[in-house]
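So the structure is just underneath, and the comments pick up after that.
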Amino acid sequence: MQTHSFDVVIVGAGGAGMRAALEASNEASTAVISKLYPTRSHTGAAQGGMCAALANVEDDNWEWHTFDTVKGGDYLVDQDAAEVMAKEAIDAVMDLEHMGLPFNRTPDGKIDQRRFGGHTRNHGEAAVRRACYAADRTGHMILQTLYQNCVKQQVEFFNEFYVLDLLVDHDLSRDTIPEGEAVNAVGVVAYDLASGEIHIFQAKSVVFATGGAGKIFKTTSNAHTLTGDGMALALRRGIPLEDMEFFQFHPTGLAGLGILLSEAARGEGAILRNGNGERFMERYAPTIKDLAPRDIVARSMANEVREGRGAGPNKDYVLLDLTHLEPAHIDAKLPDITEFARTYLGVEPYTEPVPVYPTAHYAMGGIPTNINTEVLRDNEHVVRGLFAAGEVACVSVHGSNRLGTNSLLDINVFGKRAGRAAAEYAKTAQFIDVPGDAVDATVAKLEDMRTRPDGERVADVRRSLQEIMDRNAQVFRTHESLTEALDTIRQLQERYTRVSVQDKGKLFNTDLLEALELGFLLDLAEVVVVGALNRRESRGGHFREDFPDRDDAHYMQHTMVYRRPLAAGDATTDLVATDDLTDANAFDFVEAFDGYKLELGAKPVTVTRYEPMERKY
Ligand SMILES: Cc1cc2nc3c(=O)[nH]c(=O)nc-3n(C[C@H](O)[C@H](O)[C@H](O)COP(=O)(O)OP(=O)(O)OC[C@H]3O[C@@H](n4cnc5c(N)ncnc54)[C@H](O)[C@@H]3O)c2cc1C
């Protein structure tokens, strides 16, 4: 076992992690730990753009951007955070520009901008050109640019190191913290893929930037590695997760595959059509049609299919039509995604419409933070020295539905804030001793799994999880579908205790790591479903067919899920309680499972300028 000490340890080398590293390493000794080689992080797969009200091609301002973000998130957005993001967007784009990012240009040499879903002029009048982009490889350019600058600045990377535990001086999943006493981050435990060796990283500040968790679903745009590690590690230490029931289903995944075709296609003029050739979005969002926010478009598509107006032999998808666009325009603005349609579906987008269907895309929820990226352990207190930014975090700027291009922005704005805050904190903080038994539980678990002679297969358990989540917790949800999903997840949790791996070796044992990642997925799926069961309303990406309206009286609040040990005598509260809903009981049930329970709490939404209104486009 090796130990290291750094002022700041950043977990994750995607956009958020590397943007944080650029800030922190100016001021403090900084290490970045990543399970992937940095440029393989999912940020590199982002296609369409990063928004900022630069007003380079049309009148625009940050206040309109803030409003669109709040309305797009169906008013569950914390408005102070949205305001920070929209204001700091302009500098975030300029920072990247100065680092050398090759944005597309207008004829007079400014950064070009294009339309994207839900971004409008003057509070909804018409779609506005707010997304800065580099063809349909914006994320690739951001990731490469940040990495090159990290190399230039000699940031220290630990690549193909898997963080398997977060060390804190009070385990909140076990201990009650007396009023006035602080909880501090101590460091992390990591597993070196190449050698199988365990490393302890002691740190004054720890930044989690581990990205999303799309792999809880079968049909997803997310990379195989997006298994929600950071969220699950926080949950297991008793740190709450916020708003996990809100998952974004992106309208245009390649049908049957889930591979993403960016919203930039519709931003450049592509149109969605049903099996009858009708431009159905005119019925659902008369003003901005195909450029309505993703939750609305995804639901409209699923509805067309359910009502028998789908396309194809089984009428189970709709069509994205680019055939009226000039091939030269497609080649200049959308080269990669049109190539995906050719490669994976054998469809020629110049002349044929592309089969598409919603695909699990983005976790709106995550580890709760304040606008300075400090992690909250409840509604009032932070964990000192612990920060989170990017898709792993919930600030919350996306509320119940994220607008396209707001995530590449989020990772840059809050990544930068996290790096600064972590370095600043480290200036005055002291290292905290790592307890002698810090790695025992992690090592025991690894060894147990690696050496178990036979048992459940990882791929089988994972497939069952992903299938039930696709079937029962996707665009449409009901009490029945979610209860069935929860039952299945509990059975899978039980099977997971007997999981074994084929590779019994110590070097490059990816088999073993996939088994650990499956544990994270199961824990998070459970939180998603419990949150969804409790939220008996429809808002943003969470649509309950049995409660189709938004219910601000009871649910204009963030969901906080805490994992706690099950004490003797703990009662499992019934999940139903549909007819006696009061403000007081909307968030107070407990879900118990073998050895632990999930407790639900609520956190108020920060409202500054915009009172909730009906959401129409
Ligand atoms: C196909 C696709 C297209 C998209 N297009 C857009 C777009 O056009 N515009 C937009 O705004 N958003 C887009 N998004 C969303 C956006 O790209 C992501 O939300 C964002 O890039 C996430 O960045 P991140 O830094 O938080 O995480 P990631 O880029 O996912 O990085 C996570 C990092 O954490 C590390 N990590 C994870 N677990 C561990 C562990 N246990 N130990 C060590 N390291 C770990 C990984 O190695 C990785 O380096 C898109 C997403 C997808 C999937």
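Any Cβ shown, glycine's included, is placed from N, Cα and C.
Annotated features in TrEMBL:
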type	residues	note
DOMAIN	7-408	domain 'FAD-dependent oxidoreductase 2 FAD-binding'
BINDING	12-17, 34-49, D229, E391, 407-408	FAD binding site
MOD_RES	H42	tele-8alpha-FAD histidine
BINDING	H250, S262, H361, R402	substrate binding site
ACT_SITE	R294	active site, proton acceptor
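Shown here: features listed in TrEMBL, placed on the structure.
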residue	record	CB count, 10 Å
G12	FAD binding site	33
A16	FAD binding site	35
L36	FAD binding site	18
R40	FAD binding site	18
H42	tele-8alpha-FAD histidine	21
H250	substrate binding site	25
S262	substrate binding site	27
R294	active site, proton acceptor	25
R402	substrate binding site	30
S407	FAD binding site	26
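Annotation: G48 carries the greatest number of neighbouring Cβ atoms among the binding-site residues G44, G48 [cut-off 10 Å, Cβ to Cβ].
A distance of 11 Å separates the Cα atom of S407 (FAD binding site) from that of H361 (substrate binding site). Checking the binding-site residues L36, H250, R402 against ligand 1, the ones whose Cβ sits under 6 Å from it are L36. Between the CA atoms of R40 (FAD binding site) and H361 (substrate binding site) there is a gap of 18 Å, rounded to the nearest whole number. Sitting within 8 Å of the Cβ centre of H250, S262, H361, R402, and not among those site residues for substrate, are the Cβ atoms of S221, Q248, L260, E263, R294, Y362, G404.
Note: the Cα of G12 (FAD binding site) and the Cα of H250 (substrate binding site) are spaced 24 Å from each other. If you measure from the Cα atom of S262 (substrate binding site) to that of G48 (FAD binding site), you get 6 Å. Within 10 Å of the C-beta of H361 (substrate binding site) we count 26 further C-beta atoms, all protein chains included. The DSSP secondary structure for H361 (substrate binding site) is strand. In this structure, the C-alpha atom of A16 (FAD binding site) lies 17 angstrom from that of R402 (substrate binding site). Separation of the C-alpha atoms of G44 (FAD binding site) and H250 (substrate binding site): 18 Å, rounded to the nearest whole number.
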